[in-house]
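*Asks:* Among the features that TrEMBL reports, transmembrane segment is placed at 120-145, 151-171, 200-222, 234-254, 365-385, 490-523. For 547-811, the entry in TrEMBL reads domain 'STAS'. For 597-616, 633-655, the entry in TrEMBL reads region 'Disordered'. The compositional bias 'Basic residues' annotation in TrEMBL covers 600-616.
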Amino acid sequence: MLTYETFPNNAVKKKETFELEALNPIHHPPRFNLNPNPNPNLMSTSRFNPSLNPEPVPLLSVTPLPPFSRCTVPRLKRSVVGCLPVLYWLPRYSIWDYGMPDLISGISVGIMHLPQGMAYALLASLPPVFGLYTSLYPALVYFFFGTSRHISIGTFAVLSIMVGSVTERLAPDRNFLVMLNGTNLTEVNITARDSYRVQVAAATTVLGGLIQVVLGLVKFGFVGTYLSEPLVRAYTTAAAAHAVVAVIAQLFGLSTTRFSGPLSLVYTLVEVCSKLPQTHLPTLAVSGVSMVFLIAAKEINSAISARLPVPIPVELIMIVAATVISSYTHLNGNYTISVVGEIPSGLAAPRLPDASLFKEVMGDAFALAIVGYAISISLGKTFALKHGYKVDSNQELVALGLSNAVGGFFQCYAVCSSMSRSLIQESTGGKTQMAGMASAVIVLVTVLKLGPLFQELPKAVLAAIVFVNLKGMFKQYYDIITLWRSSKVDLVVWLVTWVSTLLFNLDMGLGASITFAVLTVIFRTQLPKYSVLGHVPGTELYLDMETHREVREVPGITIFHSSATVYFANADLYLEALKGKSGLDISKMIIYKRRQEAKQRRRDKRAERRARREAKRQVRHCRKTGVFSVEEAAGHWKEPGGGDGDREESLGDDQRGWCGRENGTVFVMPTTPRTPDDQCSWEYLKGSKDPDCATLGAMSELQDGDTTTLGSSSEDTLSRELDKVSLGSLGKWTWDIHSIILDLSTANFIDTVAIKTMRNIFHDFGEIDVTVYMAGCQMSVVEQLELGGFFSESITKGRLFATVHDAVLHCLGHQGTSMPSYDDSVHLETNTKQGEQHNMESETFGINK
C-alpha cells in the first residue's frame, strides 16, 4: 500500500490513497492511467518505513480516467432512461392534452387488430388465436421500450407470409398423416401439426428478436439503410403476391399443398389452377360477397373520412356480421364451409422455445429481423419527421427485438409496424405510445372474454380481408412507371428484387436483392462521371464544361473531376479517363520518348566516331599541306614521364592557353612564319557541319571559331544534356497543358491501390513536363495518403490545395501569368440539349461517353 500526496505549488492540499497491485492489465485494468512521467508535484512516501524515503521523490503521474468512463448518478439516470424511454415521457404525460386523443386512437387501432390478427394468422399457417396473441404482447413491450409515438406494432402481411414459409417447410402436412381406424385412408392430425408449427414460429421469432437486440446494442441501427426504398417496396409487392397465392385456396375452398423453397409460388399456382374445377361454390360465394362489401365500404369510408372523427371499422363489422350469419345458418354443417374453429378463452402460459430449431431457422430469423426493422424504422421516421420529434434507430432495433423475443415466449410470431394501423393511429389523433397501450387493452379483453364468439367465423371472410387489405401493396406496381422516368438503376433494383422474391423463397429473395443492390452501388462508383471543369468568370466556382456553356477553360490547366471516390475498383478507369480528358496519352508518349532518346544516343555515337575519323584525316591533311596541330606546335602535350609543369615551361605564352584541353583535338593554321623561338600567330580552322548530327544542335556542330572536345568528357556532357531533353524537343506532340489539377472533393477515402495510381500519375505526367496537383482533399484522405507513403521528395504536400481556385492561382503564378479576364455579365446556362441526348447509362450510371 502506497500513499500518494499531491503538492501543487509545493503546498500539500490533498492526499489520495490507492492500493497498487501487480495486476494483469488484460484481466484487471487499473482504475487510473499510470504514466512514467515524473512530476515534481507528485511525490510518494512509504507507509511502512518512512525512513526509506525521508524526502518526497517523484514517482508516477496518476491521471484520472475521462469523465465519460465514470459511473455517476446523472450518467446512470441517462443510461436507464435511454434503455427505458417510458421513464422519460410518462412523467411528463398530460392527461388533459393527450388522454382523450390517445384513447380514441387506441380503440380504433385495437378494433383493427382483431380482424387483421386472425386473418394474418392464416398467412403464417397458424390458428387465428395466435394472431390475437401476436397483437397483444409485443404491443405491451413496445410501450416501454419504443421511441416512435405513432407506429402500431403487431401482425403484418409480409412478415406473416415469411413466417408461414418457415412453418410450412418444417411442418408440412405430410409429416402428420395418420391412418383412419379400420381403413387404409389417411388424414392430417391438425392438432399435432398446429402445435408443432407454433413451436417453429415461436423459435424463429425469439431468435429473430435476439438478433435485433444484439444489433441494437452494438449500435448497428444503420443496417436498415442497406434496404433502399425501391428494394423494400418491390420486396413487399412480391410478398403480397405470395400472400395472395397463400389465401387463394381459402377463397375458392380448395385443399392444396403449400410448397416452400425456390419456385414455390409457381408450384402453388400450378396446383391451384389444376384444382379449379373442384372449387367449393358456397365458399366462393362467401368470399365474393365479403370482398365486394369490403371494397365498397372502404371506398365510402375514404370518401367521407374527412367528415368523420374516426374511420368506420369495416373489417370488424364484416367479422361480426359474418359470425352472426354463420352461427344462425350453420354454414359449417349445412354447406361444409370451413370456419375458424375452437378459440380458447384466456391467455396461454409462456413456454420456452425449442432451441434445437435455432440452427434450422437461422437464415429465416435473420431475414425477419432485417425486414421487420426496415419497415418499422421507415414508418417511424416518416411520422417523426412529420410531427417534429426524433426516433432513435438503435433503440428502435432493441425495442422491436424485445417485442419479438418476449412475444415468442408467449407463442407469438414475428411482428413489425403496420402501415394501415399506423395511419389510423396517426389520423385519429394519437399523440404518444399510450395509444398502443389502449389498443392492447382492447385485444386483451377480446382474448379473455370474446374469443369463443368467433368460432363460427368462416375462414373465407378472413381470406377476403387479407386480399382486400393488400390492395395498397398492389398499387406499388405504379413505381415502375415512376422509376422509369426518374432512375433506371432504381428501376432495375426494383425489378430484380421483385423477380427474385417471386421465384425464390422470401429469405433467399431478400438476400439476392440486397446483394444486387450493393452491386449497383459498386457499379455506380466504378463507372462514375468524369469531367473537365472550367472557370465561371467573376467567381471562384468551377463547373463541368460539357453541361455549362458559359464556363471558360483556364489556359494551360486541365481540372479533372470524378463524381465518385477513387478506390481499387475504379483506379484504372480513373487513369484512363484522365488520359482521355486531358488529351495526353502518357503511355505512348513516354514510350516514344524512350525510343527517341535511344535513337539520339546512337546518332551521337555515330557522330562521335565520324568526328574522330575526320580529325585523323584533317591531321594527315595538315601535315601534308603545312597546316599542323597544336601538339606539333607546342612540342607535345605530355612528355613520357613528364608533368604538367614541364609541359607549360616548354610552351610559349600564346600556347599555354591550350594546355587545359587534354585529349582534345583542335586544328589551327599559322598565319605567320615561325620565329626562331618557334613562336607564331594562330587561326582557328573552320569546322564543317555533319548532316547526320543536325538534330544535336550546339552539341554536334562546329561553328566559326568554336572548338569541341570529342573525348570521354564529350560523353559525360552528352549524357547530362540528354537528361534535360524534353519530349517536345524531340519533334513530336506539342501541347499547351503545363498543369493538371485533380479535384478530389468527392473522395471520402482512398485505398492503397488508388494511392499507387496517384503516384504513377504524378510521375508519368512529370516525365512529359506536366505538373500534377491535388485540390479539395479531406483530412481523412490526406492522412491515408501519408500512411500509404504517397509523399516523398518529388511529391510534397506543396502539391495539395484546399480548393481548386487556390491550385489554379498557384499554377498561373508559377508560369508567370494571371487569371484571364472575361466578360462579367455572363449567364450560366445548362446544356439541356446535350443532357437530353444522354443515354440511360450516362444518366443513371454516371458513365461519361
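Heads up, the Cβ atoms here are built off N, Cα and C, so glycines get one too.
These numbers come from a predicted model, not from an experiment.
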*Asks:* Using a cut-off of under 8 Å between C-beta atoms, tell me which stretch among 151-171, 234-254, 365-385 contacts the transmembrane segment (200-222) the most.
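*Replies:* Checked against 151-171, 234-254, 365-385; highest Cβ contact count belongs to 365-385.
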*Asks:* Quick check for me: are there 3+ Cβ pairs below 8 Å between the transmembrane segment (120-145) and the transmembrane segment (234-254), leaving out pairs under 6 residues apart?
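*Replies:* Output yes: the transmembrane segment (120-145) sits against the transmembrane segment (234-254).
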*Asks:* Let me spell it out: take the transmembrane segment (151-171), skip the flanking residues so only those 6+ beyond its ends count, and list any with a Cβ under 8 Å from a Cβ in it.
*Replies:* 109, 113, 116-117, 120-121, 123-126, 131, 134-135, 138-139, 142, 193, 196-197, 200-201, 204-205, 235-236, 239-240, 242-243, 246, 258-261, 264, 357, 360-361, 364, 367-368, 371-372, 375-376, 379-380, 383, 400, 403, 413-418, 421-422, 424-425, 436, 439, 466, 469-470, 473, 505-507
*Asks:* Six or more residues beyond either end and a Cβ under 8 Å away: which residues meet both conditions relative to the transmembrane segment (490-523)?
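*Replies:* Sequence-distant neighbours of the transmembrane segment (490-523): 161-162, 165, 226-228, 230-231, 233-235, 237-239, 241-242, 260-266, 363-364, 366-367, 370-371, 479-480, 483-484, 569, 845.
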*Asks:* List the helix, strand and coil residue totals of the compositional bias 'Basic residues' (600-616) as derived from DSSP.
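*Replies:* Split into helix, strand and coil, the compositional bias 'Basic residues' (600-616) gives 17 helix, 0 strand, 0 coil.
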